[in-house]
Amino acid sequence: MSEPDVNPVSAQPVEFPAPSVSVPSDHQPQGLVVQIVGAVALVHLMNDLIQAVLPAIFPMLKDTYHLTFGQIGWVALVYQFTASLLQPWVGLYTDKRPLPYLLPLGMVATLIGIVLLAMASSYTGLLLSAAVVGIGSAAFHPEASRVARMASGGRFGTAQSAFQVGGNTGSAIGPLFASAIILPFGQTAVGWLVFVAIAAIWVLFFVTRWRLQHAPRLVAAGAAATTSPYSQATVIRALSVIAVLMFAKFIYIGAFTNYFTFYLIERFDLTARESQFYLFCFLAAVAAGTFAGGPVGDRIGRKAVIWISFLGVAPFALMLPHANLFWTAVLAITIGLIMSSAFAALVVYAQEIIPGRVGMVSGMMFGLMFGIGGIGAAGLGNLADVYGIVWVYQICAFLPLLGLFTALLPSRRR
C-alpha cells in the first residue's frame with residue numbers, strides 16, 4: 001500500500017459544507033463538564049437497561065409464544081434495524097437544525113415502547129413494541145453523543161467513553177433486572193420500566209436546559225473546522241475499514257448479548273435464571289472495557305487501542321467454544337473487557353476523519369452498531385436453527401481476526 005494518500009498533506013483536503021448551526025467539534029472553550037457528561041451517561045444507562053431487557057427475556061418469550069430462534073432473531077432485527085436506519089438521518093438533520101428537546105421526546109417514545117411490550121399478546125405485538133423502542137433509541141444516541149462531546153472540554157475519548165460506559169452498564173444491569181423482576185412475574189412486569197423511563201426524561205430536561213444556555217457560546221467560540229486533513233480516497237478507505245471493524249465487533253458481541261444464555265443452557269444445562277448471571281458478568285466486563293478504552297485512546301492513540309481490541313481478543317475467542325463452564329465464564333469476561341475497549345476510539349476516530357458532522361457521524365456509528373447487531377441477530381438465529389448454537393459460537397470465534405484491516409487506517413496521534 002503506497003503511503004501518499006495516508007499522508008494528510010499528500011492530496012487536496014476534503015471539505016464538508018458547514019452546518020447552519022453547529023457545535024464545534026475540535027474547539028472546546030471550557031474543561032470537562034462532569035455534571036453533564038455524567039448526566040448523559042446516567043440516562044444512557046437507563047436507556048440501555050430498558051433495551052437490554054428485551055434480549056434478556058427472549059427465553060421467556062420463546063416459550064410463551066412458541067417461537068423459533070429465527071423468529072427471536074427477527075424481533076432483535078426489527079428493534080435494531082429501526083434504530084440503525086433512523087440514527088444517521090437524525091444526526092444529519094440536527095447537524096443543520098438543532099432540536100434540543102429531541103432527547104426527552106425520544107425517551108417518551110421508549111416509554112411508549114415499554115408499555116406496548118408489557119401489553120403485547122401476539123408476535124406482531126412484540127415486533128411493534130420492538131420497533132417503537134428502536135425509534136426512541138434512534139432519537140437518543142446521536143444527540144446524547146453530541147452533548148457529551150460538547151461537554152468534553154477537548155477530552156473527546158474520555159467523554160465518549162464515559163457516555164458509552166453508561167450504556168454498557170445499563171446493558172449489564174438489564175439481565176439482572178429481567179431475572180429478578182420480569183422472569184418470576186411474567187411479561188406484564190416489564191411495565192416497571194416505565195418508572196426508569198420517567199426518571200430518564202426528567203434528567204434529560206436538565207441536560208436540555210444546560211444545552212440551551214451554553215450552545216450559543218460554544219458555537220461562537222469557534223465554528224468547527226469542516227475541512228478534513230485527509231484526501232477523499234483516504235476518508236473513504238478509513239470509513240470502509242471502520243465499517244468492517246464494526247461488523248466484526250458487533251456481530252461477535254451480538255452473539256453474546258442475544259444468544260449467550262441459550263449457549264449456556266444448551267451446552268451446560270443451566271436454567272434461564274442461572275444463565276442471566278453469566279450474561280451479566282460478560283456485559284459488566286464490556287462496560288469496564290469501554291470505560292478504560294476512551295482515556296487510553298486519548299493517551300496512546302485511537303489506532304493503537306483498535307489494534308489491541310481486536311487482535312488481543314482473538315486467541316480467547318478461539319478457545320471459548322472448547323472450554324468448560326468455569327473457563328467459559330473467564331474467557332467471556334476477558335473477551336468483553338478487551339473487545340469493548342475500541343468503541344470510543346472508533347467513534348472519535350470517525351468524528352475526526354469527518355469534522356463538523358458530529359451528529360451525522362455519531363448517528364452513523366450507533367446506526368451501524370444497531371444495524372449490524374440486528375442483521376447479525378437474525379442471521380445467527382437462523383444459523384442456530386439449522387446448525388445449532390454451539391456451531392454458531394465456533395464460527396463467530398474467527399471474527400476478531402478481521403481486526404487485521406486496522407492496518408489500512410491512516411495514523412493519527414489522537
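Indices start at 1 and increase along the chain as displayed.
Cβ coordinates are placed from backbone N, Cα and C, and glycine is handled just like the others.
Just so you know, TrEMBL annotations never went through curation; they're auto-generated.
According to TrEMBL:
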type	residues	note
DOMAIN	36-414	domain 'Major facilitator superfamily (MFS) profile'
TRANSMEM	64-86	transmembrane segment
TRANSMEM	98-117	transmembrane segment
TRANSMEM	123-141	transmembrane segment
TRANSMEM	162-183	transmembrane segment
TRANSMEM	189-207	transmembrane segment
TRANSMEM	238-265	transmembrane segment
TRANSMEM	277-297	transmembrane segment
TRANSMEM	304-320	transmembrane segment
TRANSMEM	326-349	transmembrane segment
TRANSMEM	361-380	transmembrane segment
TRANSMEM	386-409	transmembrane segment
Region pair the transmembrane segment (386-409) / the transmembrane segment (304-320), three or more CB pairs under 8 Å: yes
Among 64-86, 189-207, 277-297, 326-349, stretch most in contact with the transmembrane segment (162-183) (C-beta, under 8 angstroms): 277-297
Any contact, the transmembrane segment (98-117) to the transmembrane segment (304-320), with at least 3 Cβ pairs under 8 A: no
Cβ-based contact of the transmembrane segment (277-297) with the transmembrane segment (123-141), 3 or more pairs under 8 Å: no
Of 64-86, 238-265, 304-320, whichever stretch has the most CB pairs under 8 A to the transmembrane segment (326-349): 304-320
Mean predicted confidence [pLDDT] for the domain 'Major facilitator superfamily (MFS) profile' (36-414): 84
